[in-house]
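According to Swiss-Prot, the feature L-serine binding site maps to Thr232, Ser233, Glu234, Glu286, Thr387, an assignment based on sequence analysis. The annotation ATP binding site is assigned in Swiss-Prot to Arg263, Arg264, Glu265, Val279, Glu350, Val351, Val352, Ser353 on the grounds of sequence analysis.
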Amino acid sequence: MLDIRFVRANPDAIREDLKKRNDMEKLAWIDDLLVQDIRHRELIGQTNELRRRRNSISYDINRAKKAGEDASALIAEAAGLPGRIKENEAEMEEISKKIRYYLMRIPNILHESVPVGADDTQNVEVKRYGTPRTFTFELKNHGQLAADNDWADFERATKTSGAGFYFLKGNLVLLDLALQRFSLDILMEKGYTPIIPPYMINRKSYEEVTDLDDFEKVMYKIEDDDAYLIATSEHPMAAMYQDEIFEEKDLPLRLAGLSPCFRREIGSHGLDTKGLFRVHQFHKVEQFVYCHPDDSWTIHEELRENAEEIFQKLEIPYRVVNICTGDIGTVAAKKYDIEAWMPRENEYREVVSCSNCTTYQAVRLNIRVRDKEDFESKQFVHTLNSTAIATSRAMRAILENNQQEDGSVVIPKVLRPYMNDKEFL
């Protein structure tokens with residue numbers, strides 16, 4: 001969320017950002033937020049003064065009595081102080097809830113390079129890599145390839161677990177594991193520490209990491225424990241250092257999270273209804289970085305380049321798009337998507353999301369860095385995240401781009417050492 005001090009100093013900048021996002025409903029929130037903030041600070045001052053008076057009035061009463069003076073007015077004042085303090089505290093609590101409600105939902109400040117647009121049709125292409133292959137035979141979609149070769153069983157998974165699940169079998173299990181290890185090896189060479197996070201996260205932490213209004217509908221909730229199965233390892237990694245202070249020398253901290261991801265709402269998109277692209281459960285390697293604010297825009301490009309390197313080495317054609325103001329969501333200040341070429345649909349589809357969240361998560365989570373020149377000075381860190389590989393989507397891209405007329409699939413050269421040097425699935 002935004003720091004209330006930033007809101008006080010920059011209300012016009014926030015209003016302009018909301019207009020770029022076409023989020024007109026929240027414009028009125030800014031005025032009310034500032035009014036509530038002023039009242040809240042007034043109440044703090046008044047309540048502190050009442051507490052000081054409560055502590056000192058006993059002395060005044062005793063002094064009056066010793067002097068033979070009438071202390072009835074002081075006694076009456078003292079009797080009323082607890083009630084006045086309680087009233088102020090109750091009002092402060094209500095105002096605090098309202099302020100937090102606003103701050104948790106007003107989106108991050110956009111970077112100046114984010115294109116203005118209404119929706120995903122106005123995202124801006126940044127670059128393309130590779131040339132889509134020309135096929136001389138009728139293409140199969142990845143789900144058909146997997147079923148025909150007994151690499152996956154969608155029908156039995158539907159019986160056991162419902163739509164959107166799958167059994168991976170044989171070669172696709174090995175391909176999934178190869179993609180995980182391949183991407184981890186690339187990141188480890190670049191100084192990223194592998195992390196296997198908890199697969200559940202409690203509600204308090206989730207509320208600090210993301211906007212639950214947007215995200216809760218896609219998550220599996222464990223009711224008895226007020227916890228959730230994680231939708232991405234980004235979330236537990238972001239909450240990992242909540243309420244802690246980094247030393248500047250320890251940043252940037254680069255993490256590579258490996259986990260299954262669980263998502264309830266998957267939607268449908270033409271040929272996705274049976275297959276690996278939109279599913280309730282998949283494996284993902286996620287890049288996550290805590291860094292000093294001065295470094296975050298350089299690191300944002302680093303994360304994108306890391307993800308691009310993975311798809312380049314897999315020899316999958318892709319494009320990079322800069323996500324526009326109407327499609328970027330609440331948390332990110334800037335976001336790239338990498339979209340891989342899917343020949344069966346004859347279009348690019350998202351396989352990587354790469355975001356700089358600046359201080360938005362860190363303010364909620366109270367994660368700061370101490371200034372190396374001034375021990376008492378601290379500021380909020382920046383957090384960044386990017387997909388390295390979502391294996392189900394990468395497998396779809398490999399199956400469709402590398403399929404052969406006989407139904408076999410060429411294994412990317414970089415994955416062969418992880419698959420007993422086999423050339424074909």
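All residue numbers here begin at 1 and follow the chain in the order shown.
Cβ coordinates are placed from backbone N, Cα and C, and glycine is handled just like the others.
Distribution of Swiss-Prot features across the structure.
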residue : record                : Cβ contacts under 8 Å, 6 or more apart
Thr232  : L-serine binding site : Ser259, Cys261, Lys284, Glu286
Ser233  : L-serine binding site : Ile195, Pro197, Gly257, Leu258, Ser259, Cys261, Lys284, Glu286, Phe288
Glu234  : L-serine binding site : Val209, Gly257, Glu286, Phe288, Asn385
Arg263  : ATP binding site      : Val218, Met219, Tyr220, Ala231, Val279, His280, Gln281
Glu350  : ATP binding site      : Asp337, Ile338, Glu339, Arg393
Val351  : ATP binding site      : Phe311, Tyr318, Ile338, Glu339, Ala340, Thr387, Ala390, Arg393, Ala394, Ala397
Val352  : ATP binding site      : Ala307, Phe311, Tyr336, Asp337, Ile338, Ser386, Thr387, Ala388, Ala390
Ser353  : ATP binding site      : Lys335, Tyr336, Asp337, Ser386, Thr387
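Cβ neighbour count for Val279 (ATP binding site) (all protein chains, 10 Å cutoff from its Cβ): 20.
Taking the centre of the Cβ atoms of Thr232, Ser233, Glu234, Glu286, Thr387 as the L-serine site, the nearby residues of that chain (Cβ within 8 Å, site residues left out) are His235, Met237, Gly257, Ser259, Cys261, Lys284, Val285, Gln287, Phe288, Asn385. Taking the Cβ of Thr387 (L-serine binding site) as centre and 10 Å as the limit, one finds 26 other Cβ atoms among all the protein chains shown. Here L-serine is bound by Thr232, Ser233, Glu234, Glu286, Thr387 per the record. The longest Cα to Cα distance in that group is 10 Å. Secondary structure from DSSP puts Ser353 (ATP binding site) in a beta strand. In the structure as shown, the Cβ atom of Glu286 (L-serine binding site) sits within 10 Å of 26 other Cβ atoms. In the three-state DSSP scheme, Thr232 (L-serine binding site) is classed as coil.
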